Amino acid sequence: MTSLSIMGVGKVGAEVAYLSTVTQIADTINIYDSVPSLLTAQKLDLLHTGIDINLNTDPEMLTESDIIVFSAGMPRTPDIKTRADLLESNLPVAREFCRMIKNYDGIVITITNPMDANNYFIQKESGIKREKCIGFGGQLDLARLKYFLSKRGYDTKGAWVMGEHGEHQVPVFSGMKEEVPENIRNEILLEMRGASMPVIKGKGGTVFGPAYNVFSLIKAIINDENKLLPCSCVLRGEYNTEGCSICVPVRVGRNGISEIIECHLDSWEEEKFSCAASHLKDLCRRV
Ligand SMILES: NC(=O)C1=CN([C@@H]2O[C@H](COP(=O)(O)OP(=O)(O)OC[C@H]3O[C@@H](n4cnc5c(N)ncnc54)[C@H](O)[C@@H]3O)[C@@H](O)[C@H]2O)C=CC1
Ligand SMILES: O=C([O-])CC(=O)C(=O)O
């Protein structure tokens, strides 16, 4: 029996709820949002699929879940330059979330930006084990990296991402068969940084990319897949890093993160990862 909760059913949260409903991935789905009219509308719309699901909207049920997706808070608009600029608006929401989930010891998937800092804060504030606090964003960055590589005719096998889900993301090329020269690496990095903005400008926010990949993460947990995924997690010395949550390769199964993999990086990647870590440590000191 699996119970899944989604806190914040705006664009991304609702799409995750929809995918979880149509695939019947969980036995119980619990959705919550601070806007009652939106919450009622999302509930009715899900029920109108005709799918026989156990759907609740009771915030008390959050702590009874196996997995909670935290997707509440403000998204970027075209004039909000970086995800880190959302910290002041969304930290109070993360704080309220932690109050609501007191004594919870299941898995939290953090989506709300700035995701790495929020994941770090939620882990620290809630006291939930770091293995159960999974920051989402790396899978989406990896999908985008693969898109930019294939557009240039590269075989994407072995491509990876690490670093911040933000300006300091780190595409990892050194595991690929073909060498990617530095000028192309820099070009792709710039494209990755700007990847979501045309979507935000054109339709108000990214939805399908994040929701599909969050759903794969939920599936990896529920089915105990022990799947290798790029996720943000609080480091305690791995990659010589502590004091922040940052995207690294991890294995994910029923109990959350079962292993943090320390992979080889070349000098270009190492330099970028170290910049990402110091940027995130600064951000995390503020939470
Ligand atoms: N990590 C990632 O890869 C991605 C992260 N995001 C982030 O996810 C967050 C949500 O994005 P969208 O769904 O597009 O935004 P949205 O505005 O469509 O939905 C956010 C929802 O949160 C609700 N909310 C706000 N404060 C709340 C509270 N205190 N309690 C309960 N609900 C509350 C709002 O009523 C709204 O329905 C944003 O911070 C966005 O930047 C979005 C896409 C990808
Ligand atoms: O760019 C944003 O603000 C939303 C997001 O995190 C993404 O789509 O990667």
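Just so it is clear, glycine is given a Cβ too, placed from its N, Cα and C backbone atoms.
Site annotation for substrate in TrEMBL covers Arg76, Arg83, Arg144, and the matching candidate from Asn54, Asn113, Asn118, Asn119 is Asn113. Listed by TrEMBL as binding NAD(+) are Gly8, Val9, Gly10, Lys11, Val12, Gly13, Asn90, Ile111, Thr112, Asn113; the candidate from Asp33, Asp58, Asp66, Asp141 that the record includes in that site is Asp33. For the domain 'Lactate/malate dehydrogenase N-terminal' (4-135), the model's average pLDDT works out to 97. Taking only the Cα positions, the spacing between Val12 (NAD(+) binding site) and Arg83 (substrate binding site) is 15 angstrom. Each of the recorded positions Arg76, Arg83, Arg144, His165 was scored by the other Cβ atoms within 10 Å of its Cβ; the lowest score goes to Arg76. With respect to ligand 1, the binding-site residues Gly8, Val12, Ile111, Arg144 contribute Gly8, Val12, Ile111 as residues with a C-beta closer than 6 angstroms to one of its atoms, given in sequence order.
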